[in-house]
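Residues or ranges marked as [4Fe-4S] cluster binding site by TrEMBL: 25, 109, 207. For 54, 87, 137, 177, 235, 236, 237, 279, the entry in TrEMBL reads (2E)-4-hydroxy-3-methylbut-2-enyl diphosphate binding site. The feature dimethylallyl diphosphate binding site is assigned by TrEMBL to 54, 87, 137, 235, 236, 237, 279. For 54, 87, 137, 235, 236, 237, 279, the entry in TrEMBL reads isopentenyl diphosphate binding site. As annotated by TrEMBL, active site, proton donor applies to 139.
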Ligand code: SF4
């Protein structure tokens with residue numbers, strides 16, 4: 001674990017620990033790049049099904065540039081261009097897009113696509129599928145949609161215990177990418193107890209960004225009086241960071257921005273750890289740090305728990321669009 005002091009004040013006893021890695025993951029960077037490149041290449045408006053990533057600042061910023069966010073494809077004019085969000089879509093959505101003659105650009109995170117591919121593979125092999133996740137989350141809706149007839153979504157151990165399947169020896173599990181590692185472990189243990197021969201993914205479905213941000217909180221929360229997580233209320237991985245901290249008995253709040261901080265939270269607090277969910281931009285983190293500095297937290301130490309250097313390539317439809325679009329300049333890419 002590396003610690004680097006960004007700014008210090010010898011007299012200050014109140015400090016900020018700025019966790020690293022934090023904020024944007026490779027899937028979010030890619031998804032935002034896709035919308036921006038599409039806007040630069042084709043011009044506004046560009047339709048986006050659902051929030052491109054679960055962050056209100058990012059969505060508002062792209063909306064100002066000409067992206068139109070819709071809940072369902074029937075809000076997109078026939079033949080228009082639409083981008084799928086980083087959370088992925090079900091085959092039913094893909095069919096609906098074909099039916100309306102939409103030009104699709106897919107910003108699904110490759111690590112979500114990995115789970116879709118596993119779902120298709122297990123379903124083809126005749127498995128009953130158990131998907132561990134939050135059933136109202138878009139990612140879960142998309143994954144479940146790959147094999148809706150054989151997939152059951154569970155989010156509690158009680159739901160695992162109540163599962164009924166045609167053949168208990170032919171069951172496979174998958175998980176949402178942004179779960180709490182410890183909660184997912186409890187769920188998988190319960191599944192293994194109920195179905196001793198259960199199959200699972202070759203490597204865990206919880207993504208590297210979710211794991212790394214949780215690990216950073218686990219490493220630092222014990223030394224902090226408060227953990228502030230920058231992220232929107234509908235961001236799954238951000239909510240999990242708050243839970244990880246609270247499970248370690250360190251108070252924690254999810255905040256969309258510095259404006260959401262209640263000064264009461266800082267009473268009697270000497271050390272605040274600050275992190276950000278995978279869809280929260282760094283500008284919001286900087287504003288939180290500035291707010292804390294103004295409240296007397298004069299020392300800001302960046303604590304790097306592990307390096308993170310993941311990057312994903314752009315999807316072929318956007319690469320082709322760049323190649324064939326005269327409006328796009330190389331510098332803009
Ligand atoms: S949080 Fe994980 S699964 Fe979601 S977009 Fe980022 S890398 Fe992909």
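Here, residue 1 is simply the first one shown, and the rest follow in order.
Just so it is clear, glycine is given a Cβ too, placed from its N, Cα and C backbone atoms.
TrEMBL does not curate its annotations; it predicts them automatically.
Features recorded in TrEMBL, as mapped to the structure shown.
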residue : record                                                     : contacts (Cβ under 8 Å, 6+ apart)
25      : [4Fe-4S] cluster binding site                              : 207, 208, 209, 278, 279, 310
54      : (2E)-4-hydroxy-3-methylbut-2-enyl diphosphate binding site : 87, 231, 232, 234, 235, 236, 238, 279
109     : [4Fe-4S] cluster binding site                              : 26, 27, 28, 30, 31, 86, 87, 88, 177, 207, 312
139     : active site, proton donor                                  : 87, 88, 112, 133, 176, 177, 178, 236
237     : (2E)-4-hydroxy-3-methylbut-2-enyl diphosphate binding site : 178, 209, 210, 213, 231, 277, 278, 279
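Selection of the recorded positions 87, 137, 139, 235 by a Cβ distance under 6 Å from ligand 1 yields an empty set. Other Cβ atoms within 10 Å of the Cβ of residue 279 ((2E)-4-hydroxy-3-methylbut-2-enyl diphosphate binding site) number 32 in total over all chains.
Neighbours of residue 137 ((2E)-4-hydroxy-3-methylbut-2-enyl diphosphate binding site), defined as other CB atoms within 10 A of its CB across all chains, total 18. Close to the recorded [4Fe-4S] cluster site, the chain also has 26, 27, 28, 86, 110, 111, 112, 177, 178, 208, 209, 210, 278: residues not among 25, 109, 207 whose Cβ is within 8 Å of the site's Cβ mean position. Same-chain residues with CB within 8 A of the center of the 54, 87, 137, 235, 236, 237, 279 CB atoms, the dimethylallyl diphosphate site residues themselves not counted, are 53, 139, 178, 234, 238, 277, 278.
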